[in-house]
Amino acid sequence: MATIGALVLRFFFIAVLMSSQKSWAIKEEHTIIQAEFYLLPDKRGEFMFDFDGDEIFHVDIEKSETIWRLEEFAKFASFEAQGALANIAVDKANLDVMKERSNNTPDANVAPEVTVLSRSPVNLGEPNILICFIDKFSPPVVNVTWLRNGRPVTEGVSETVFLPRDDHLFRKFHYLTFLPSTDDFYDCEVDHWGLEEPLRKHWEFEEKTLLPETKENVVCALGLFVGLVGIVVGIILIMKGIKKRNVVERRQGAL
């Protein structure tokens, strides 16, 4: 794959909630992260704000538009997209300088970990969402394809932006709405520069195997039979013990 130069700027702002008590003891701590990057040769960037690991908003660089993770957030705050565009321009200029100073040495590739799971317990015929969680990777470039029965799916898919981690790696979520069926199976295929080949994670509906009633009856009858045998054997051993003791007592009486 093509060589990549990546500049990732992360600014951490710690908002500390102080107790109103006289001791002013720290009761809780929250973190707001402003994460931005610019990538080459893709010539694209990302600008977003994160609160305690959840996205607040990101800026669509191409559309110069602020996209709030939840629409309700826009009622209480605002952010001018032009500010993000100005930051990305600075990132690009800094990246050019860093490329020269590093003799065009690319950043290291860290392959992702991939997990596929459902949003909620799966029941046949009830709509659900599959989640493809891509974690601990760098640089922030991945190609993700959903497959149903081995064929690409493009409808009902969505995704998050690249989300920062405390260790300067990234994570990302991809979603697929689906109707659970025993006839369908799904795969999330992830391609990243840290992988030798695309990585697939498989998911299919697994029906809970309940013990048939006939088998239950057999097992119950077998258990009852074993119990009865144990009781009979126990009674026989007790009778033999009593008989043996009586014989010994009669012999001792004769003496």
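Positions of Cβ are set from backbone N, Cα and C atoms, glycine also.
Per Swiss-Prot, the cysteine from Cys188, Cys220 that shares a disulfide bond with Cys132 is Cys188. When the residues Asn103, Asn143 are compared with Swiss-Prot, the one annotated as N-linked glycosylation site is Asn143. Its own atom aside, the Cβ of Cys188 (disulfide bond) has 23 Cβ atoms within 10 angstroms in the protein chains shown. When the Cα atoms are compared, Cys132 (disulfide bond) and Asn143 (N-linked glycosylation site) turn out to be 12 Å apart.
If you measure from the Cα atom of Asn143 (N-linked glycosylation site) to that of Cys188 (disulfide bond), you get 10 Å. Note on Asn143 (N-linked glycosylation site): other Cβ atoms within 10 Å of its Cβ, all shown chains, come to 9.
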